[in-house]
Structure formats: C-alpha cells, structure tokens
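Below is one structure, written out as structure tokens; comments come after it.
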C-alpha cells in the first residue's frame, strides 16, 4: 500500500484515483497473480458491458481509401488494454510512462533497473506490484521453466544454418503439446474458464522462453554447451543471462532494462496484432505466440537494430572512427540522397524521441560513456534530426529504440546480430500474452474484418461521388 501511495504522489491526482481503486480491488499482501485476476476480471467485464450498452453505436473514426491501401495506418480498429502509444509521450504501460516504471517498479537487490516481472504484473493487473509480489512471480516462473524432452531434442537437432527466429518459432509451436487450454477446450470447458487456462499456458510459456532462447544461443554460438540449471533464488533476467553464459552484473542490468522496454508497444504492430488475431481463433498461447514470432522475424519489424549496426559499421569503415560533425553530416546527406533512410530514426506513430531510446542512452552514459560506438550514436543524435528536418520528408526525425539497443549488446560482448530478434521476442511475450489473457477474459470474438477489391472500392467511391 505504501508503494501505491508513493505512486499516486508521483503521478498526481489524475492517476491517483485509479491507484486507490486498484488497491481496493486486491490486497497488496496477496502474491498470487491468478487470484488477483479472478477478482479484477468480473469488475472489468461489468464495466465494459455497461460501456458498450451505452455507447456501442458511437462512431470512433473514419476510414479512407489511403488507409486501406496503406497498411491500415492510423485506422482505429482494435481494443488493446495493456499499453497505449502516444505520438508525443511514447509508450505508456497501463498508464505509466517508461520513466515512471523505472522509478516505481521493484528492482533486484543492488540493482537500478526495473524487473520485467514487475512490468508483467503491471500489464496484467494495472497495479504497481510490491517486492513480495515480484519475488513470487520470479519463483513461479523458475518453477515452471523446465523444457519437455522432445523440445530439447528438437532444438539440439536443428541445423546450424537455421535462423534463430525459425528455431524459436518451431520450439514454441512444439510446446503446444503441453497446452492446458488446448486440452481443456477439447474436453468442452466453459467459456467463462477460458482465461484461467490461457493464464496457465502464458505463465508456462514465459517461464520457458529464456531456456529456449539460451539453448538456441548456446547451440549456434557456444558449440552446444549446456545452459545449466534454473536458480529459483534469481530473477527471470538473471537466470536468462546466466544460461546465455554472461556473468557481468551490468549485462544482467541491461537485460532487465531491455526485456522491460521491448515488452509491449500497443496492439497494432505486427507481432501484437498477429498474436491477437491468431488468439481470436482460440488458438492456444503457444500457437498464437509462435505466429507473432514469425511476424517479428520479418525485416520490417524485428531486424531494425541489426540494420543500425550494419550502417554504423559501414560509416566507420568509410569515414573513420573519430569523425567530425561536418563529415558525419555529409555522410548522412549521402545516405539520404542515394534513396536510403538513416536506420534507427523515425517511427510510424511517434513524433518525438522514443523514450525507449532515452532510457538506453541514460544507461550508456552511466556505464559506457567512453565507448567509441556509443559516442558515435550520441554524435548522430545531435546531427541526424536536423538533417532530416532540412530534408523535409520525415514526419518524425527523432531516434527510436533500435538506434541504441544493438550498440549496448555489442559492448557487453553479444555480437551475434542474427540473435538479437530472439531477445526482442522473449521480451515481447510479456505484453502480448498479458493481453491474450485479457482478450479471453473479456470474451473478444473471432477477428473478421471486411475486405474489398480495388474494383469494388472504385465502384463504392463512384457511387459516393455521383
């Protein structure tokens, strides 16, 4: 309760009432996440039912021809509870900004970065957890982490030229054999119980993902060496970095930050929308998340931080490592004039510097201020936005999360760029699976939008203009 009160003071009266309401919903002394959900869900079901009865026919927005041909950009068509992306403020997790999460969410003993367990608790419940609640979640995931033997055998027999994301997707799909939801659905479980089985599967999957991801890493880059055993006294990120083979406490802190800030980014991005869509068919969390990972593997979604590193490396190769602002400016213009973009800058929704970039920059300033690659990234931060503004084409000239993450991973020795999207995937599970639980709890139906052909669209427009 003291933590909730502190949060209310930090966020002001606007959010204080929400925090007090959350405190009434579930005792801060309760550490069982499922029990808290069981209390929250009926209240939220009733609230939404009343809202729909009163406002179900209210028009939310208009759809244009350009939206239909342009990837549905800007089209309001989904309800997604766990996070909202504001063009100016960036992502808010259940109403909390990244700086607020960094301040309020529990941290490891001696650590400074938020624990992803706390972020998951927040995404699921809307409440800032206590240290005891986060500790319960760490131990619960450790208890559920063991992989079935057929998945281990599968991972060990993949060819080394199979992309890490393909391995992740296949292994998660194979975990479907363990699905509580699929089994219960086949036995005719009541719809009101769907969320409980989705919760169990989601908890199991999140617990097992670091083991899968670490095994992929060890098989591909560490000659198949063992990942070791899960330590129930360590947090989720610490166990993950141990299994990867990294013992630097700063790298573990980076991983806590990385897994927190990449967890969710509203519902319209490819991975979030895919899990939502596939889950609406009542596919279990393993199948839904595997589908999301196939979307994340696409170069337009999950490969951006690799593209940044490739561009930075090429820049250093062509103009040197200690480059003047003037030479850097010329190189940026050459990139743009050749028809290419500056990777790591711009965003489909954001119109300011991505707060996920900012917190990584702060981490670098604290832990690696003299690293040459970080200094180059910092130098670009001063120059690129002005060049893009001069060019006049970019709606958002500011850096996004991908402009920084790869540089930090490289500094601590993780140089295998093909693997970076796997880390992204492990993190993204927190957001999309939290939402999947709520999608089933709220009874969201099968997603089935109406499509039109170009011919049909032309006839429709003609009828409107005539």
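In case you wondered, yes, glycine gets a Cβ from its N, Cα and C as well.
Swiss-Prot assigns the feature motif 'SIFI-degron' to one of the listed ranges (2-21, 22-41), namely 2-21.
The Cα atom of residue 395 (N6,N6,N6-trimethyllysine) lies nearest to that of 347, taking the recorded positions 301, 347, 356, 428 as the candidates. Cβ neighbours of residue 347 (active site) (same chain, under 8 Å, six or more residues apart in sequence): 354, 396, 398, 400. Sequence-distant contacts of residue 321 (N6-acetyllysine), defined as residues of its own chain at least six apart whose C-beta falls under 8 angstroms from its C-beta, comprise 372, 376. Of 103, 393, 459, all annotated as modified residues, the residue with the shortest Cα distance to residue 402 (active site) is 393. Listed in sequence order, 269, 270, 271, 295 are the same-chain residues at least 6 apart in sequence whose CB falls under 8 Å from the CB of residue 301 (active site).
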